[in-house]
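In what follows, a single structure is set out as C-alpha cells and then discussed.
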4 protein chains.
Amino acid sequence: MTAQMPPAHPFDDDKLREECGVFGVVGVKDAANFVALGLHALQHRGQEAGGIVSHDPEQGFNSARRFGYVRDNFTKQSLMETLPGPLAIGHVRYSTAGSKGNTAIRDVQPFFGEFSMGGAAIAHNGNLTNANSLRRELIERGSIFQSSSDSECIIHLMARSLQQNVPERIKDALRRVEGAFSVVAMTRTKLIGVRDPLGVRPLVIGRIGEDGWVLSSETCALDIIGAEFIRDVDPGEMVVIEHGLLKSHRPFEPAKPRFCIFEQVYFSRPDSILMGRSVYETRRQIGIELARESAVDADIVCPVPDSGTPAAIGFSHESGIPYGMGIIRNQYMGRTFIEPTEQIRNMGVRLKLNVNRALIKGKRVILVDDSVVRGTTSRKIKDMILDAGAAEVHFRIASPPTAWPCFYGVDTPDRDKLLAARMSEDEMRDYLGVDSLKFISLDGLYRAAGEAEGRSKSCPQFCDACFSGEYPVEPRDMVEKGFQLKAAE
Amino acid sequence: MTAQMPPAHPFDDDKLREECGVFGVVGVKDAANFVALGLHALQHRGQEAGGIVSHDPEQGFNSARRFGYVRDNFTKQSLMETLPGPLAIGHVRYSTAGSKGNTAIRDVQPFFGEFSMGGAAIAHNGNLTNANSLRRELIERGSIFQSSSDSECIIHLMARSLQQNVPERIKDALRRVEGAFSVVAMTRTKLIGVRDPLGVRPLVIGRIGEDGWVLSSETCALDIIGAEFIRDVDPGEMVVIEHGLLKSHRPFEPAKPRFCIFEQVYFSRPDSILMGRSVYETRRQIGIELARESAVDADIVCPVPDSGTPAAIGFSHESGIPYGMGIIRNQYMGRTFIEPTEQIRNMGVRLKLNVNRALIKGKRVILVDDSVVRGTTSRKIKDMILDAGAAEVHFRIASPPTAWPCFYGVDTPDRDKLLAARMSEDEMRDYLGVDSLKFISLDGLYRAAGEAEGRSKSCPQFCDACFSGEYPVEPRDMVEKGFQLKAAE
Amino acid sequence: MTAQMPPAHPFDDDKLREECGVFGVVGVKDAANFVALGLHALQHRGQEAGGIVSHDPEQGFNSARRFGYVRDNFTKQSLMETLPGPLAIGHVRYSTAGSKGNTAIRDVQPFFGEFSMGGAAIAHNGNLTNANSLRRELIERGSIFQSSSDSECIIHLMARSLQQNVPERIKDALRRVEGAFSVVAMTRTKLIGVRDPLGVRPLVIGRIGEDGWVLSSETCALDIIGAEFIRDVDPGEMVVIEHGLLKSHRPFEPAKPRFCIFEQVYFSRPDSILMGRSVYETRRQIGIELARESAVDADIVCPVPDSGTPAAIGFSHESGIPYGMGIIRNQYMGRTFIEPTEQIRNMGVRLKLNVNRALIKGKRVILVDDSVVRGTTSRKIKDMILDAGAAEVHFRIASPPTAWPCFYGVDTPDRDKLLAARMSEDEMRDYLGVDSLKFISLDGLYRAAGEAEGRSKSCPQFCDACFSGEYPVEPRDMVEKGFQLKAAE
Amino acid sequence: MTAQMPPAHPFDDDKLREECGVFGVVGVKDAANFVALGLHALQHRGQEAGGIVSHDPEQGFNSARRFGYVRDNFTKQSLMETLPGPLAIGHVRYSTAGSKGNTAIRDVQPFFGEFSMGGAAIAHNGNLTNANSLRRELIERGSIFQSSSDSECIIHLMARSLQQNVPERIKDALRRVEGAFSVVAMTRTKLIGVRDPLGVRPLVIGRIGEDGWVLSSETCALDIIGAEFIRDVDPGEMVVIEHGLLKSHRPFEPAKPRFCIFEQVYFSRPDSILMGRSVYETRRQIGIELARESAVDADIVCPVPDSGTPAAIGFSHESGIPYGMGIIRNQYMGRTFIEPTEQIRNMGVRLKLNVNRALIKGKRVILVDDSVVRGTTSRKIKDMILDAGAAEVHFRIASPPTAWPCFYGVDTPDRDKLLAARMSEDEMRDYLGVDSLKFISLDGLYRAAGEAEGRSKSCPQFCDACFSGEYPVEPRDMVEKGFQLKAAE
C-alpha cells in the first residue's frame, strides 16, 4: 500500500525528510476527531503512517494505527467511533530509526503501556542517540520490545520506574535518554508535553473552547481546529495539563537552546510560527539574503515548487527580477508508473513537474530551491529547463551545503551520499551542469532567521549540524557503529 | 471509493469542472504505458475514472476501466501487462451527461464496438446536445445501450453505418451528432482524431520516436512522454494515422471556430499551449488587464491557490503591489473529515487551505481568484482572511461573471445556483462581504487571450456562453427539457 | 480474486460442471433479498459470479454483478439497499461458452436491455448451439455485443423484434435460438419463465406468501425461502406472471422431452425434486442398481465425499456390506497452497480429503463415486487409500462412462481428455490401478431414475449424450468448428 | 472481515468451540509452507486468525499474522516468501481468554520475544487458569503487555527468567503457570514442544523426510504433509528438537493424565488418532453405546451434519434401523444474509441446512447430534423436520448433558446459558419439543473411548469437567471472579 503512496514533496527521495509530527488535545468532546484534523495539518512531517490513542472514562483507552494518509484512514465514521473520549494524542511518522521502508504496524506510534497505576500513551518526535544501549540493557532485564523504534525505550523505562505516577515516570525515563525529543503523552486524565533541554524539535501550546488545551508540533495544526496559539513549550520544559489547568515542570539540567534550523528552511509549513517568527517570512528573508549575497543578471526568478516559493519571492523582490512559474507541478503526483521501453529522459521528474516552456524559452533563469541533498533531482531539473530552451540556468539554494547527516529525527542519506560532503561548491556547479550555483551562507541564514549578528561562533543559536558538522549532543549509537565526527579544528 | 477521493482543486465543489481528457498513441512499443502517462498529465480534466483500450496484432483488443486516479490504477505491472500492443487510446472523466455521482464502471470510456469489419474504440471529450433524441431513435431500431453516457450514441451510430471502413463510419456517425466533441478513436491499425466544426474542445497532434504519433487534449501531456508538439487538430478536421502517416479529412461543413474561452481561464493546465498561445501567459495577461481595469490601493496581492496564481503574478506586476502567499494550501487535501462537535467555522475550507496569518495581519489584501460560481467558497475564504486580521479584502476575479450553464462538456450547476445569475456585481460584493469585488470584462478577457480588439460583437472568436448566454450550438436536449435561452435583444 | 476461491466440490477440476442457476421472485417486499437467498441455495450450479436485477416502481431497474460467492457479496446491507422493489431475478454462473477462466464482469448475467416499450432483464441457464452464427448476423446488422456470452444473443434478438411487448419479443427471440435454455426474465411488472422444447435444464414454479411467485432452477431454493413447490415449468412452456396471476403459453413446436440425466446423477442437489422424484432417492437407487449389477466381496463401502454418498448408502443397503467414512473431507478446502519443495504426493488432493487410516487399514474397500471424467483424481484417491493400507480397492461409479462432451450448458473437457473416450472399461481399471472398476449400465441408470423398462432405444426419455453420444439437438456451432459426431450405426 | 466469515460448523454459535491449534516443523526447506498446510488441516480448531513465525539463518526471524482462514492468507507467494527458513511454527485461534469477538491482530499468536541470548517464539493451545494474577504481578514489575491474551504471560515469564537458554526459560515460565497448555516454541535452531502435566490438550510428534520433525495438535495435520506419526508428546513432557535429534525432558511433578474427553466427542477431526485410538471409531462406538442405552422404534437414523455422522452410522449399525441423509448441508454456508421482511422461519438454519423432505416425510426419525449446548439450534432443526412431515422425532446425543463451562481452552457459554445446567433431561425434551431425548451416559462415553469399565469414580481417566463439574485444576482466576464450584458431595 505504502508503495503506491505519492510522495509528499515532488522530490522526496532527494530531500531530507522530517520523520514525525505529534498532536494532543484534552477537554473537548470526541478529542480524537480534533487529533485527526491536527495530524492532517501535520501530514508534511510524516506520510508513512499515523496513529491515535484516546481515553474515555467509560470505555477506557482505545487506539488505531494505520499506514497511509490521515485523510484516508481517520475520516471514517466507523473507525473514529472506536476512539471516544475527551482526551487523545496522535502521531504521524516517517521511519528514521527503526526498520526503514519495512515498517510494521506495531512500529506506528503512539506507544501504549499498562502500568500498575493505569495506562499511558506517548508519541515522540525526534530521535534518541543512545537508544541502542538502552535497548540492550532493557532486554537483559526482561523487557520485551514490540517494535524496532527507538522511541519504545521510553515506555519501557517508564514501566520500570519506581515512581508512583505517570508524569514522574516520564521524568525518570527522559532523564535516561539522550538526543532530541518532543514528546506528547497522556494518562486517563492528563495531557503531557515535554521538550528536550536543547529544544531541537518544535512543540507548541494552544487553547480551544472553554477548557480545552492543545499540544502540537506546529501552529498550523492549531489553525485547522480553530485553537488559539499560546506559546512554545520551552526547551527542557514539561507541561502537565489536567482538569483544565496547565502546570509547568523543569525536570532537566538547564542548557542553551539549539532549535533545528532546518525546520526554518524546509520542514515546517510556511504558515507556522516558530519561536515567534513566521516561517514564510524567514524563508522570504532567506531569498532576500541570497539575492544580496549572490546576485546575477537574469530575466526571471522561478521557484522549484513548492518549497522554493517563498525564497524565490524574496529573491525576486530584492533583485527586481520578475517572478514567474517556470516549473509547473502536477497536482496528482505519482512515482510508480511503468517506464515505457522507449527512452523518456527524466521520467521520474516528469511525473511530478513540467517546464512551462513558453515562459522559459530563451530566458536566463534563476531557479531557487530549498536545498541540495544528493543532487540527482537538481540535475534532472536543469536538463528539463535546458531542453525547454533556457539561455542560462542559475541555481540559488536557500540553505548552506548539506554536508552532514542529522541524528536528531531527520531522515538523511549516509554522509557519502551527500553531494556537499564530496564536492566543493565549484565541483557541484560543474556536476550539476549549471551556469552558476550559490548557497546561502550560514551567517546569511542566521540573519534571515532573525539573528542580526549572524551565527555565534562560540555558542550557535540553532542546531545546524547538517551544515556545520557540529553536533550539540554526541550521536553515541552512531559513533559506536563507527561514524566519524568532524575533527576538532 | 470515489467518495474518499480528495478533490483535484481545493474548491472543486465550487468550481466549474472539465469533464474529460483524451489521449492516444500509435507506433511505439507498449503504447498503453504512454497512454497511462498522458492521462496522468491530463488528470486535472477528470478525476472520477479512467480507461485504456489497446490493440496488439496477436492478442487483439484489450481494455481496462477503473475508478480513481490514473496513478493508483494504471501503474500496476499486473494490469498494464494486460494492455499490450503498439496502439492505444485512453480517457479520463468526470461525469457530465450520464448519471452524475453514480457512475457505473460501464460508463467509463473508451467505448468499444465489434463491427463486421473489425473492432473500434472511441473516447470523447465534450457533450452532445442532441443525445437524447438520438438515443430514443437508436433504441427504437433495436440498439441496446450499456451506459448512461451521451457518448455511447456515437458507437451505435457507427455500428449501424453502411460504410465499409471505420473512418467512414465515424464520419457518418459524427455528422448526425450536435454539440462539442473532440474524439480520439482507434481500429486495429489506425489512430483517429476528430474535432467538431466549432472546435470547442482542444485536441493536439504530437510526434514521438521515429514513427510514433500522439493525439492529446493538451500539450502538457506531450511533454510528459517527451513527444514533440506538431499542431492543433483543426476545428472540423479529422486526422487518420496509419503506418506512420497522417491524412487529414474535412468531413463537415465549414464553420467559424468558437474555442472554449474557459479552457484559457481555468480548465487547461498553465503549461499547455492552446491555439498557439501559452495558457500561463494568457492568465498572467488577465491579471494585467484586471489591474488596469480595477486598480485598488492595497498592501499585498495574493492568489487563491492554485488556479489564481498566474493572474495574481500579472496583477502584482502591473500594479506594483507586492505578491505574497497569503493562503497556504495543504498538499494532502481531503474533504471527508468528521466534524468535531464543537463549532469549527469553515472546517471544509480549513482542510485545504490555511491563512498565512503573519503575512496577512493588518494588511489590505487583494485576493485573485479564477472565477466565482456559487460564491460559497469565496465567502469562507473572506472569513478566514478577516479572522486572521486583514484590514481590507478586495476580490479580483480572472473571468467575467459566470451566469449561464455550459452544455458542451463542462459540469456547471443549474442556472439558479450561479451567483452571477441571481445578483448584480454590487449585490455579489455585499453577499460576499468584501470591500470590493471586480470581475474582468469580457473585452479585457478577449484582449488577454490575444484578441487585441476585444470581443467581436457580430462574430465572437470564442465560445463564451457561460458568460454571455450566447450558445453557438443550440442545446436541443436541454431546450426540450424546458431550459430558457437568453431572450434576443 | 476468483483465483483464490475454493472449488465447490473437492475435485471440481475433474468433474463436469454445471454452469448456471437462475432464480426470480415477484410479489414480495424487497424481492432481491429473496433472490440472494435463492441463489445461495443454487450456488452449487455456479460459483464464479452472480448477479441480481430488481425493479421498483419509483426507482426503476437496478442491478449488481459480482465475482465470487453469493454469501460474500449479496449479504451486505449497503449493496442490497441498491436493489429495491417487489420484483427481481438473479443468476449464478460458471463460464461455459464465453471466455473461460477470463470472465469479465460484463459477462455476468442477468443481461439488461432498454427497449422502446421499457426495460427487460433475462437470465439464462443452458447453452445455445447456434450462438456463433446468430452473433455474426446481429453484428452485421449493427448490434454491439458487450459480452462474450452466447446468452447475449437473446437480448439483441429481443431488441430487434417488432413485437410490441416483452413476452412476445422473448418468443420471437427464442424461436430463433437452438440448444438448451431455461430462461427467467422480467419487465417492470412481469416475471417470465421459459424452458426449451426438450426441457434439457430444470425450472420450477413456487408460491410464497399471499401473492408471491417464484421461479427457480431447483426446488431446494424454494425451501430456503419457505416457498411452496407448485410444479415444473413444462418443456416448451412459457409462463408469464403479472399482478399475482400466472398465464401459460406454448410458443414452440411440441417435442418429446429430453431432460438431462446428469442432473440426476450429479448436478442437482440431493434435496431437490426433479420431475417429481427425489434426487437423493434416485441416487440411492443408483447405488442399489450398482450393487446388483456389479457385486463384489468386500469389508466396507465408502463414498467419495460428498457426491458419492447417497449411492454408497444404497450400495451398502443392497449389498449388506457396512457403510463407513473412509475418506474425510476438509471443510475449509483450498487449492492454491504453495507446494513445499520436498515431494508431497498428491498434495492437491490432500488439501481437500484425508483418508481415515484407522478405518481403512487392512480392509477390502468399495469406493463409490459419481463419475469418472479425466480419471486424474480417481488415481490419486486410489493412491491415498492404498498408502493407508487398504487390502483391495474396488471402484463403483454411479454413472456410465462419460465419453462425449455436453453442448447444452455443462462445462466438459474436450473429448480427447475424457478417459472413457480413449479407453475400454478394462483399460480404465488398469490405468486407475484398482482391483475392479464398474460403471452402472445406461439401463440401470434409467431404472434408478424411474424408468422401469430402462432406456428406450427408439426414443430415450432423457438427454444422455455425454454417455451415448446421441445429441438430441445438433451442436451446430461445434460441428462448424469441426466436431465429429458419432457415426450412425 | 471476520464478520463475513462463514462459521466452521453449521451451528457454531450453538457449539462448544475449540480455541486453538498449534503446529511446528524443523529440518525442511521453506518450513513455513509446511506450517501453512498443517494449520489448514487444523483449521477446525480455530478460524478467527492464524500466524506463522519462521527463522532463517540469514534473514533471522520473520512473522505474519492474519485474520481469516489459512487458505485465504498463507497461500500467497508474496506473503510466504517473507517467511523463509528451515524452522517455523504456527497457530490458528479462536478467542477464549482475551477480548472475545474483538481480537486485535496483536492478540494473534505465535508470540515473539527478543531475549539477550536471542529470540524465541511460542504458540499455545489451552488456557491458563492463573493468568490474571500472573499478569498483575508482571505489570507491577515493569513488563508491558501488548495483547489481551493469557498466553502472553508465558513469554514475559521467559523474558524475566535468569536461565541462560530458551528451553530452561520455558521450563521456568511453565512451572509458574496453571491450567491447560500444549505449547510449541522455537528458537533460532530448536523446535520445542511441551504438554501440561495432565495432558489436557493434544500434541503429537511426527517425522518428515530425512531429518525433519513435526509437532502438531492432531495427526490429521501430519497426513496432509505426508509426515509419519511417531507418538504423542506425553503429559508433562517437554521435547527439544535440534540438529535432527529429539531430547525428552520432564520438567514438572508427575501427575495422573486427564485428557479432554470432548476432543473425542467433537473437537478433533474424525481422521485423527488420539491416545492411540481412531477418533472416528470412538465416535462410531458412541453411537453403538447410545443405541444400546436408549433404543427406540423408528424408520430411519439421520445425523445432524457433519459432526453427528460417525455416531449415527454406529447407531444405525447397532440398531438395524437404516441410515439416511435426512438433513442436507449447504456447502457454501453463510450466516449474514439480510432477512427478507416476510417471515422466513428459522432462516439462520436454512442458510446452512435443508431437510431432505422426500426422505423424511411420514417417517419416525432418529436424529443423532454430538451435543446440546444452548438448545437453540436443536429446536430449529426439530421444527424443520416436523415441517417436512416427519411422524416422530427422537434426539440421541453423543455426549452427556453439558452442564459446566470449560476453563481449559474451550469457548463455553456462561453456565446459566447451558440448557443442561438449568433443566432435567425431561424438561429439556419438553423444551425441545421432541418425542424423546436421550444423552449417552458418562460411563457409556468412557466405554466408547476405550475404558471398558467406564469412568473411574476415584480417579477419572479423562477431564470431563464440562459434564461432571469436577475440575482437575482449580480455575483460580474464575473463582476469584465469583464462579461457584460444584458443592462437594
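The backbone N, Cα and C atoms fix where each Cβ goes, and this holds for glycine too.
What TrEMBL says about a protein is an automatic prediction, not a curated fact.
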Identity of the [4Fe-4S] cluster-site residue among B:CYS153, B:CYS302, B:CYS406 (reference: B:CYS260, B:CYS463, B:CYS466, source: TrEMBL): B:CYS406
Mg(2+) site partner of B:ASP369, B:ASP370 according to TrEMBL, chosen from B:SER307, B:SER436, B:SER441, is B:SER307
Counting other Cβ atoms within 10 Å, pick out the least crowded of the binding-site residues B:ASP369, B:ASP370. B:ASP369
Nearest to B:CYS406 ([4Fe-4S] cluster binding site) by Cα, among B:CYS20, B:SER307, B:ASP369, B:ASP370 (recorded positions)? B:CYS20
In which DSSP state, out of helix, strand and coil, do we find B:CYS463 ([4Fe-4S] cluster binding site)? strand
Check: min Cα-Cα distance from B:CYS260 ([4Fe-4S] cluster binding site) over recorded positions B:CYS20, B:SER307, B:ASP369 goes to B:CYS20
Taking all protein chains shown into account, the Cβ-based neighbour count within 10 Å for B:SER307 (Mg(2+) binding site) is 23
Can you tell me how far the Cα of B:ASP369 (Mg(2+) binding site) sits from the Cα of B:CYS463 ([4Fe-4S] cluster binding site), in Å? 21
Between the binding-site residues B:CYS260, B:CYS406, B:CYS463, B:CYS466, the one whose Cβ has the fewest other Cβ atoms within 10 Å is B:CYS406
Between B:SER307 (Mg(2+) binding site) and B:CYS463 ([4Fe-4S] cluster binding site), find the distance joining the two CA atoms and give it rounded to the nearest Å. 21
Rounded to the nearest Å, what's the C-alpha distance separating B:CYS466 ([4Fe-4S] cluster binding site) and B:CYS20 (active site, nucleophile)? Just drop the number here, would you? 18
With DSSP assignments reduced to helix, strand and coil, which class does B:CYS20 (active site, nucleophile) get? strand
Which whole-number value in Å describes the distance between the Cα atoms of B:CYS20 (active site, nucleophile) and B:CYS463 ([4Fe-4S] cluster binding site)? 18
Can you give me the residues near the recorded Mg(2+) site, meaning same chain, not B:SER307, B:ASP369, B:ASP370 themselves, Cβ no more than 8 Å from the center of the site's Cβ atoms? B:TYR266, B:PRO303, B:VAL304, B:GLY308, B:ALA311, B:VAL368, B:SER371, B:ILE397, B:ALA398
With H, G and I counted as helix, E and B as strand and the rest as coil, say where DSSP puts B:ASP370 (Mg(2+) binding site). coil
Within 10 Å of the Cβ of B:CYS20 (active site, nucleophile), how many other Cβ atoms can be counted across all chains shown? 26
Could you give the Cα-Cα distance between B:CYS463 ([4Fe-4S] cluster binding site) and B:ASP370 (Mg(2+) binding site), in whole Å? 18
Do you know the mean pLDDT across the domain 'Glutamine amidotransferase type-2' (B:20-244)? 93
B:CYS406 ([4Fe-4S] cluster binding site) - helix vs strand vs coil (DSSP): coil
